[in-house]
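Lifted from Swiss-Prot, the feature list:
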- Gly68, Gly69, Arg90, Asn195: substrate binding site (BINDING)
- Lys33: site 'Transition state stabilizer' (SITE)
- Lys255: site 'Transition state stabilizer' (SITE)
Amino acid sequence: MTLDRDAASHVAEVLSEALPYIRRFVGKTLVIKYGGNAMESEELKTGFARDIVLMKAVGINPVVVHGGGPQIGDLLKRLSIESHFIDGMRVTDAATMDVVEMVLGGQVNKDIVNLINRHGGSAIGLTGKDAELIRARKLTVTRQTPEMTTPEIIDIGHVGEVVSVNTDLLNMLVKGDFIPVIAPIGVGANGESYNINADLVAGKVAEALKAEKLMLLTNIAGLMDKQGQVLTGLTTEQVNELIADGTIYGGMLPKIKCALDAVQGGVNSSHIIDGRVPNAVLLEIFTDSGVGTLITNRKRH
């Protein structure tokens, strides 16, 4: 197959633009939270797998953390197990936790591993229970109204938060040229399982590894101002101002807090990426314009 002159010129431009970024990130670790539309479209799934394999091929170390909420919901429905949510979190009783483990640790995790491996990678699937990769504890949720003298504690079952990450295991896999693919299930002090928000797991893994980047794939173009324009580069201070003035609100707040915590915890930058764009991960790290919002501790020049 031959390229015409214009196509060949475009390929050369793309490679030329990518080269300084490749040099900058060789040997660095990037943690990518994979979810949303990027997990549902066959074209986007294939593009994501190729992106991950290419990153590894040029010397970058990707670590993938995935979600799977819709798939969990589908199986619960088929099993006639009712789903309840409190503050956006799935109430996870024992029966629901069994389904979460089956779907995240089994079906979804192995599908992603298989896809990456089919495109030339060496992915290995993990849950937080493997070698106690993600130690967790029960998440305490409270609610208080003006009439209450003390906050009400709400039991949402086997929902957890990260206590620690086994970085020795992840570093061993990365050095062995494997691509870790992590399901967000944590293990408690007594061996119990916890369902943990995938964004939070990705953020804590990035902090623990002192990753170069935390990349959160979403179903939006990035953080937007009140006029609907994408904000391509922000400092943590600017993000806090946008939260204070109500520009960032609702369902985006937990995701943004995770991105902020990661940067403040030692990650060089966090990225809110439009996962609906083919090859979004490569476009964000290897091009000048990117496809989302970059958050750092310092201003861009």
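Here the Cβ of each residue, glycine as well, is placed from N, Cα and C on the backbone.
Taking the centre of the Cβ atoms of Gly68, Gly69, Arg90, Asn195 as the substrate site, the nearby residues of that chain (Cβ within 8 Å, site residues left out) are Gly67, Ile72, Gly73, Thr92, Val100, Val103, Leu104, Ala198.
Lys255 (site 'Transition state stabilizer') and Arg90 (substrate binding site) are 16 Å apart (CA-CA, integer value). When the recorded positions Lys33, Arg90 are compared by the number of other CB atoms within 10 angstroms of each CB, Arg90 has the fewest.
When secondary structure is read from DSSP and collapsed to three states, Lys255 (site 'Transition state stabilizer') falls in the helix class. Here the Cβ of Lys255 (site 'Transition state stabilizer') has 21 other Cβ atoms within 10 Å, regardless of which shown protein chain they belong to. Sequence-distant neighbours of Gly68 (substrate binding site) (same chain, 6+ apart, CB under 8 A from its CB) are Gly35, Met39, Val103, Leu104, Gln107, Val108, Ala183, Ala198.
The Cβ neighbour count for Gly69 (substrate binding site), using a 10 Å radius and every protein chain shown, is 17.
A distance of 15 Å separates the Cα atom of Gly69 (substrate binding site) from that of Lys255 (site 'Transition state stabilizer'). The record assigns Gly68, Gly69, Arg90, Asn195 to the substrate binding site, and the maximum Cα to Cα distance across that set is 12 Å. Counted within 10 Å of its Cβ, the other Cβ atoms near Asn195 (substrate binding site) come to 26, all protein chains included.
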